[in-house]
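The feature domain 'Cytochrome c assembly protein' is assigned by TrEMBL to D:13-183. Taken from TrEMBL, the feature transmembrane segment applies to D:21-42, D:54-81, D:93-115, D:127-147, D:159-179, D:199-221.
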Amino acid sequence: MSVDLGKYATTVLSAYAASLVLLALLVAVTFWRGRKIRARMTALDATKSKARSDAAH
Amino acid sequence: MRALLKRDLTLALRAGGGFGLGLAFFLIVTVMVPFAIGPQPELLARIAPGVLWIGALLACLLSLDRLLALDWEDGSLDLLATAPLPLETAMATKALAHWLTTGLPLTVAAPLLGVLLHLPAPGHLWLTLSLALGTPALSMIGTFGAALTVGLKRGGLLLSLLVLPLYVPTLIFGAELARRGAEGLATQTPMLMLAGLTLGTCALLPFASAAALRISLR
Amino acid sequence: MRALLKRDLTLALRAGGGFGLGLAFFLIVTVMVPFAIGPQPELLARIAPGVLWIGALLACLLSLDRLLALDWEDGSLDLLATAPLPLETAMATKALAHWLTTGLPLTVAAPLLGVLLHLPAPGHLWLTLSLALGTPALSMIGTFGAALTVGLKRGGLLLSLLVLPLYVPTLIFGAELARRGAEGLATQTPMLMLAGLTLGTCALLPFASAAALRISLR
Amino acid sequence: MSLWQYANPRKFLATSERVLPALWAGAVLCLLVGLTWGFAFTPDDYRQGSTVKIIYLHVPSALMAINAWLMMLVASLVWLVRRHHVSALAARAAAPVGATMTVIALATGAIWGQPMWGTWWAWDPRLTSFLILFLFYLGYIALWSSIDQPDTAADLTSVLCLVGSVFAILSRYAVNFWNQGLHQGASLSLDKEENVADVFYHPLLICIAGFVLLFLALVLYRTGTEIRARRIRALLLRQGAEV
Amino acid sequence: MMLGLHDLSVARGGRPVLSGLSLALAPGQALILRGPNGVGKTTLLRTIAGLQPPFAGQVDCAPETVAYAAHSDGLKPTLTVAENLRFWAAIFGTRDINPALAAYDLAPLAERPAGMLSAGQKRRLGLARLMVTNRPLWALDEPTVSLDTTAVAQFATVLRDHLGQGGAALIATHIDLGITADTLDLGPYRAAPDRGDAFDDAFEDWA
Amino acid sequence: MMLGLHDLSVARGGRPVLSGLSLALAPGQALILRGPNGVGKTTLLRTIAGLQPPFAGQVDCAPETVAYAAHSDGLKPTLTVAENLRFWAAIFGTRDINPALAAYDLAPLAERPAGMLSAGQKRRLGLARLMVTNRPLWALDEPTVSLDTTAVAQFATVLRDHLGQGGAALIATHIDLGITADTLDLGPYRAAPDRGDAFDDAFEDWA
Ligand code: HEM
Ligand SMILES: Nc1ncnc2c1ncn2[C@@H]1O[C@H](COP(=O)(O)OP(=O)(O)OP(=O)(O)O)[C@@H](O)[C@H]1O
Ligand SMILES: Nc1ncnc2c1ncn2[C@@H]1O[C@H](COP(=O)(O)OP(=O)(O)OP(=O)(O)O)[C@@H](O)[C@H]1O
Ligand SMILES: [Mg+2]
Ligand SMILES: [Mg+2]
């Protein structure tokens, strides 16, 4: 499969590249922050339930 | 309400010549433009109405910063919010005081600065008219922005960022009115739009400002 | 000194994206110009270097307001003045932090905004160069102005009044450099002048700022 | 069973956890199919040449840029009226997505403009109002991130969103009045179908579906993140209280 | 009754700090609030003044009856002492500021800009403001900070007069005011630390 | 000797407020300054800290030995408690902030932004700052404002330690600090009201 973009090849390719890069960035940032926050919360919950079980003993 | 207006005006006068400072900023911006653009008279004349409108807008913007922030810092705003005066009235009064100390002097001084930028003679009248019609809306919108950002450190720049997009319609119609006036074109549409905008903001925005302020103080 | 720089940068970052706000203001001013002037590309292209320089200058100016004022309000400045760090170093560091948070991002972003104003292609390089050379001077001069007005309520506008005239030479040479670059003329003289100006202010103004600050605190 | 049950964060998270994989899969699938179809298997336009392929990114992102703001407006209203926290957080989560969509629309438009209009940028009303929309997004995001009390931030940004919407519409009219433009008219409406030939139309629809799904997935995921961030804040505050 | 709190909880930053507080304040009565730093005195007073909504429970008193005095005094440094006071008098519909000036011995400073006062002088002016509000219920947050003993005594006199005329006062303080009044220790009302607001509650026992 | 004042006059706004003040402070000694509002305590402390020049007379002490704590605390609301303290520690070349946190029981609040503290908690942080300055002479302006009794006791302990290690302190206050120290009443040193500075003197007997 080959696509002939003619004289506008750079234009079309750069438009696709720019958009896909932006979308990828958005998704990457979203996941990165999501993971980080999720891990942080799990850690905090762990310390909390540990403190609670310590208090119970 | 009269008391608040009087106090705000006195404060503006005391603090190193409140009326003067906004004006002076306007003057300086106008003077800087030829330095930056170059001194060709016909170029300057073409951009004069626009430059003067931007100058007026920025002068309004800069003085907003302290419109509520000072009252917040020293606790006056808490006290005002618990005073018998409705907060909506207080906001409208503050906007009025702001207009009297910035918008009005700017309107009066604009023709003078128009001369500096070689604005053609018929343009002066239209410029003044457009500023007179438009600047009250700038003060009202600005008060709303100030109520949103009161109590936030770094309010200054954030305020600009919030307020400037809201200024767009006023600026477009105002500058368009002044430009069409200067070039002798039909001015009715922008004039009506500008007047409508000002009336609308004056009628509605004090409520939004008071609501925002109540939330900010909480 | 490293500690102070780090703190100032952290503060700028924390306070709602410090880097972003100055930039956003620059963007907004640039966008407003066509609204006020009209959308004709060839007119915009002619005034583009000047407008961008004025925009950068105003963005610097607006962020000055809080450069020292916040530290003064919460008493940090009193404490800094009694700290072992020489006040001159502290002022230079503050100016550096200011440049890193405003001047540098402005320089980087300027070519993008040049596109909006139809700046001809060769102009972009020269615009960036002129801003890179000129903005450090703006930060230094601004710090001096901030030191003069710290502790005065209504500092914002007064500060603009004091600082803008001091900005004139930088503006003239900077805009001239960018304009000549865009038009393909000789650029050597304004470039040398601009570089000299920046070096001079960086070498001398911290002392003036520290002296002004000592007096203001008294 | 009412829609409002999702105002409960746990319920919301549990449900979104179940829905999200399907959304992601749908988004990726639609985008892959639509973009590949559009990029490789559609003919060139007789006037615009191969640049017409940009439409598969440009139009969906432009649509989502506006729809994201509409969604924020609705979410803000829900928060102001019924005070469901998830709603406010969803508005917050959508803003950066909408801003990115705006940037994509602007960027693809600018790149497209270079060969078509001979310039990267023109002060055309459609383009200009997108730029203004972008500024609104910036202001909204900046306001969120500079207030540290979550409820106050939600309230203030909602008020800003309301007032901002009114002014955005005003700006649209003002800009239209100020400069008549170069930009294509809307031709996606069903009754004017002939403007866009069928060959372009079908892949375009798939791309639009892909962008919608992607938007939904991103917003759901990000809302979950915001909810967790909010809980972290609450836990930290409680630790401070155990003095 | 001037003020009634019914099972009130107040929150700061979305987190409840005090809960289950009930009390009633009759005309002529003053109540001193005590409690360690950060227990929520300021938050409680702001809620009573109507500056923030209660987190739960109820405040029984019209906000128009409360005069609130915060940590900061709401003075304009460029206005003189008399102008500052006259402004608040006008806002609250009072005419005469002389009694207020006299009560805190401010008459000699009347023409001095407020920015040129010392910390304690500013505070005296802040307290004088209360006298021009004409409001029956005073909610005061550490009113005697920075005051010297003479000024504290002046404050006690003014307060006694106010109570004598059927007013009431709620005062948060750490130090001795030299007046006889009931004291309420807020320590026991501290909210349980692991309760968030309704939204945060929905997360409880997540793990 | 840590500090010597020789026939010192200090001025505020060009007008002398205290005059003829002489005193000496030895290591291990604390001196409490008392005096009615507006007598010039703040002005005196600022002069000693080197923030303003003496009006007349002489201050015998290097400004590099003084740690000054003013009415306001110099805290950044967006930085956390630990970051605030660490900044000042870095400026003064100290490494460890833990003793300071521990002394005022701030460790549990260490990660909280300073803007989210109550008035008293802020003050505690402001006082903790003194411990990272490593400076022998403390000039404190009403240090215990807003503090509860526990915190006042913590402050007294810290102060005793500081004095025990050869430090000295000059403290302006209106209330009881719970430490034993000499007291100096500034009332008698109040400057004669009709003396201006050298320039104003030239106008004397004009009328
Ligand atoms: C740089 C900025 C640009 C922006 C912000 C922009 C914005 C938009 C928007 C919002 C739409 C959706 C309109 C609708 O469906 O109702 C759209 C559609 C479209 N744009 Fe742009 N545009 C830009 C530049 C361009 C350029 C340079 C071209 C090509 C010459 C172009 C060609 C199109 C086409 C063909 C459509 C589809 C119209 C239709 O048939 O629905 N745009 N654009
Ligand atoms: N900025 C100023 N300009 C002129 N005079 C001032 C200024 N600030 C204070 N004063 C005056 O200087 C005198 C001394 O003020 P200072 O603040 O030193 O008093 P203080 O002893 O600290 O009082 P307090 O116990 O109330 O804090 C006061 O009479 C005050 O009115
Ligand atoms: N802006 C804020 N955001 C979140 N929490 C806050 C904020 N301000 C204060 N707090 C917290 O709320 C609690 C109550 O604070 P409040 O100011 O009501 O205490 P207070 O009793 O007045 O204390 P103090 O005697 O120190 O003035 C404190 O634990 C404090 O840390
Ligand atoms: Mg308090
Ligand atoms: Mg004092």
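Including glycine, each Cβ sits where the backbone N, Cα and C put it.
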Key: Non-local residues, at least 6 beyond the ends, that sit with Cβ under 8 Å of the transmembrane segment (D:21-42)   = 52-53, 55-57, 199-200, 202-211, 213-214, 216-217, 220
Note = Relative to the transmembrane segment (D:54-81), the stretch among D:93-115, D:127-147, D:159-179, D:199-221 with the most Cβ pairs under 8 Å is D:93-115
Residues from the same chain, set at least six apart from the ends of the transmembrane segment (D:93-115), whose C-beta lies under 8 A from its own = 49, 51, 54, 57-58, 61-62, 64-65, 68-69, 71-72, 75, 121-122, 127, 130-131, 133-134, 137-138, 140-141, 144, 211, 215, 218-219, 222-223, 225-226
Request  = Calculate the per-residue pLDDT averaged over the domain 'Cytochrome c assembly protein' (D:13-183) and state the result as an integer.
outcome  = 87
